[in-house]
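Straight from TrEMBL, the features:
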- A:Thr181: active site, nucleophile (ACT_SITE)
- A:Thr148, A:Lys170, A:Thr181, A:Glu261, A:Asn380, A:Ser385: substrate binding site (BINDING)
There are 2 protein chains.
Amino acid sequence: MTVTAPAGFEAAGVAAGLKSTGKPDVAVVVNRGPLKVGAAVFTSNRAQANPIIWSKQAIQDGVVEAIVLNSGGANCFTGPFGFQTSHQTAEKAAELLGVSAGDVLVCSTGLIGTGDEVFRAKVLDGTTRAIAELSADGGHSASHAIMTTDTVAKTAVRQGDGWSIGGMAKGAGMLAPGLATMLVVLTTDAVLTAEEADAHLRAATGTTFDRLDSDGCMSTNDQVSLLVSGASGVVPDPVQFAAALAELCGELAEKLQRDAEGASHDITIRVTNAASVEDAVEVGRSVARNNLFKAAIFGNDANWGRVLAAIGTTKAAFDPYDVDVWMNGVRVCTAGGPDRPRDEVDLTPRATDLLIDLRAGAEAATILTNDLTHDYVHENSAYAS
Amino acid sequence: MTVTAPAGFEAAGVAAGLKSTGKPDVAVVVNRGPLKVGAAVFTSNRAQANPIIWSKQAIQDGVVEAIVLNSGGANCFTGPFGFQTSHQTAEKAAELLGVSAGDVLVCSTGLIGTGDEVFRAKVLDGTTRAIAELSADGGHSASHAIMTTDTVAKTAVRQGDGWSIGGMAKGAGMLAPGLATMLVVLTTDAVLTAEEADAHLRAATGTTFDRLDSDGCMSTNDQVSLLVSGASGVVPDPVQFAAALAELCGELAEKLQRDAEGASHDITIRVTNAASVEDAVEVGRSVARNNLFKAAIFGNDANWGRVLAAIGTTKAAFDPYDVDVWMNGVRVCTAGGPDRPRDEVDLTPRATDLLIDLRAGAEAATILTNDLTHDYVHENSAYAS
């Protein structure tokens, strides 16, 4: 049910010929209200795709009637023509839905530089056909139409006291910075103001999608949108709603991690006893982006030296000679020196746990990443995105 | 002849059993004077190996009599015992050479965490045997003893007016940050003061080794040392000497790039019309560290979108929609939009040229890097370092 699980939403996914495989590539999610509240967060990359530029304008007033998403082309660095394509996509949807174009968000994913006349015609045609097929159980087909290298559709649902949240995601990456274009649409029938929706969205993405760092590459097209219909008529308890949204975003983030391009290990990097959350995140991210560490994990090698070499590049508060490192429950490094032998660590399971104890404070953070594999190199050298 | 090309130097390389292959693994270079001037630059990683900690103390007075280098173990994160090993190595060399231990530099490369009793005994034994074999044409054997995953020994020589410079290097990386431990020893028989040697070394490494960024990973053991014998009796023209040293360092940096682990392309990233040199370096480095771009080059895909996505993450002054990108002489992107078709770019040669015109000023910088290949993943998942 995904994005159509909450009351007040319709969705559809259709094949418009953008993908050479003929698979579905245009999705539309419509908010039937009564509220038409929306919030969105975007890639922090300065190189921003046309749909990002469009959607940033459209979200200003906190009103969102619908969102149109396409795979098979990023419409990024395609000039004024490309921006007009995003604009025309919103106008086409608005015209067919009887709403204002300024209340329609647009998302695109695929090869940067793709956005010519043929692309535009297919996106507009797909938008028209998806809107004709809108249904209250269309969330499933929409979640398939946004896939690119994803091997499975990624959806999640949470139930509250009289309200619910639904979500779909594509990509294998993170938001700020991000990669491989992460697109996420979240829906809820809870009653929220635009300010509440925005605050909830930023809080939830800040500790979930923002801490998924599969390969450190930041996309030009990342966007996470929250659409609020209020159709349940229920004003949620804010703490409960925040927890449910964070949980749902966490589930989608893990699903993105588990489907990351070519990965053979899902690595959970837990940094504890940091002087600040920022320090913990910086330390975790430095490991998540270290190719030597990531290749070692692919090779089932508990190479803790590469962990220390990675965190030594950060400005975080800690003494490199007073750090403990655990891998899959085995303490391989104590106070910056060797502890248990590396071969005691069993790295054959896909789920990999790395614990870094900075002994510098009381804060913590968790970063999700993947290993660096032959398949990653293959997919990203053979697949143009 | 390498480091023994300039007058006043002797060197040797021996097999001490640190490498499981039985290949040479301990090298010594001795400065016979009359000057005993030295300068050195070190990794900026906060996680520093014991030989780095030792050498940083030893170089303080600008006097260097000898340098002992070993492969087969990094002696990093090996605690106080490991520091004593570096200290004892210097003392052993000093005793045999009749000099002060404080004037002996030490370098190590290999697996982090390696530095136990067996390691120490082998390093001390190797030091003793290398000193017994010192000769004025030992530069060749020394250059082999410092190799780890290097496939060829890397040496270079430059001649000035009555003086010369020699050098040897190992590794596949950069200095600050660096990777795969880059060790470089430079020698000259020119007459220089310690201050002059230090200034010349920093200037030359700043535009050569510092701009080689094979995989963005910073080593705990990187060290570049310059030993000055003054044996030519010639005070060099400073401009001529600076040019010769920069040229020699540039040659060694290119040799490191061409032998980078698993690489199939040597990528020269030239950033022009930047507002500052710092901006040009930041922009070049962001591309050099972008796995998606590097994988695309491995796949012979002129994916300029990944270049723009990479540079969009920087703080450098430029408008992403006013940038030109050339690959191997073909302008694939003009003013942030598509120009010539990507398939017009021939990426089959190993030498790859990427030109990024920021149109934001008059400064420029060149960064050297490599592609991300199956062999890189293989070497770094199978080889513990």
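Here, residue 1 is simply the first one shown, and the rest follow in order.
Note that Cβ sites are derived from N, Cα and C of the backbone, with glycine treated the same way.
Residues from the set of binding-site residues A:Thr148, A:Lys170, A:Glu261, A:Asn380 situated with their C-beta under 8 Å of a chain B C-beta: A:Asn380.
The secondary structure of A:Lys170 (substrate binding site), as reduced to three states from DSSP, is extended strand.
Packing around A:Glu261 (substrate binding site) is summarised by its Cβ count: 27 other Cβ atoms lie within 10 angstroms of its Cβ, all protein chains included.
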